[in-house]
Amino acid sequence: MKQIITRFPPSPTGHLHIGGARTALFNWLYARHTGGRFILRIEDTDVERSTTQSAEGIIKSLEWLGIDWDEGPYFQSRRMEVYAEYIQRLLASGHAYYCTCSPERLKERRERALAEGRNPTYDGTCREKALPPSDDAVVRFRTPDTGKTVLDDRVKGGIAFDNAEIGDFIIQRSDQTPTYNFAVVVDDITMGINTIIRGDDHVTNTPRQILMYRALDSELPLFAHVPMVLGRDRSRLSKRHGAMSVLEYRDTGYLPDGLINALVRLGWSHGDQEFFTRKELIELFSLEHIGTSAGVFDPDKLLAINAEHIKKSDPAALAPHLLPLLKEKGYAAENNDYLHNAIHTLLLRSKTLKEMADKAAFYYEDPLSYDPAATAKFLVPENMEILEMLAEKLATLDSLTEKDQEPAFTAVMEKTGKKFGKIAQPVRVALTGRTESPGIFETIEALGRRKTLERLADAVEMIKKST
């Protein structure tokens, strides 16, 4: 069986968004599932709109998602000699010709055709003139006058297109640059691409591409056109639906695996399963399970999926993603056991890493900031004995596991006659500055002996100064 070779060919005219990221993911997963190859190609022939910054952003987005490529990135702007060679092949074989029709004339004929309810295809004025090359000449592909071009699509099935409705289309502009449809075909042929998975907005391009494959005596790739991604109101996905770029999701605290899980469910399914690891996706992905109806992007569902991935994550694996967010807040955080222990206490309490960074603040604040209302309510003289006694008990322990801490809390409860809740809350405020935090036992264990005792002592001093 021939090795599967897929590609992702973004245009660097902006950020990588949900639709493009899903296309990249489907191609990458299929290549990895089949033991094939995945190629990254930057389609930057639109000189006016393409930017280096956008290309770099797309590459960073893919790297963050963990979508790695086996070849590339190739840049179309550096392949002009290849396109020129293939233009000459089509001219020599009679499948293409020079055209000098002015833009004004073409515009006039187009407007007239539309006004008369006709398809505005080229009328063939230059088709049989055998014109020589010139500065103002474009190159057109000679489309058959009759018959149909059939697309056998793995998702949509068979689709037939009347050749007469396609017309002779431009494949090289007068400035010698190739048009999109032509460059794509040449690239896919020369790079050995044999499987093309893309959005179904490309279906109308496909008959033109099939005709060029045949004119160049090249084997057709397998086409799989995936339904578009829509917003919850069933219109084309945009920012007003809450969709952001991939890098914005990174900066907002989403996990790569969380976003990938949500992306793959926009058009692909495996029974009723909602949550997938990356390994599972590679094992399970197939074209047969791509649906025929549009995927609907739901920000709330993405958030829930992300929370599930955070909950199931190894703290050590989350640390590199959380660290930049903590440093952004000005904390001297490092990727060490202290950070891993802090993360462990927050796995069930955080839907995003940004939320986790906010909730982890008390682990790194020095000095600790206190919520005024919490201080006024709990750091009061009648609770000073609780803090002093607990500090004394904790200082003698060999370790701070929950099992080791329980007798210390029990002793304080017995001595003061207060229930656990009445003890835990003043301790929580003393250690975190807040009334909400992870469980008190795990908080103490994560803070460690030195910080726990220092903060209990600081709280006692604060109470003394306030009286």
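Quick reminder: no glycine exception, Cβ is built from N, Cα and C everywhere.
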Per Swiss-Prot, the range holding motif ''KMSKS' region', considering 31-35, 146-150, 201-205, 236-240: 236-240
Separation of alpha carbons, E128 (Zn(2+) binding site) and K239 (ATP binding site) (Å): 49
K239 (ATP binding site): tally of other CB atoms within 10 A of its CB: 11
Secondary structure at C101 (Zn(2+) binding site), reduced by DSSP to three states: coil
8 Å Cβ shell about C99, C101, C126, E128 centroid, Zn(2+) site members excluded: Y97, Y98, T100, G124, T125, R127, K129, L131, R140
Model confidence over the motif ''KMSKS' region' (236-240), averaged pLDDT: 82
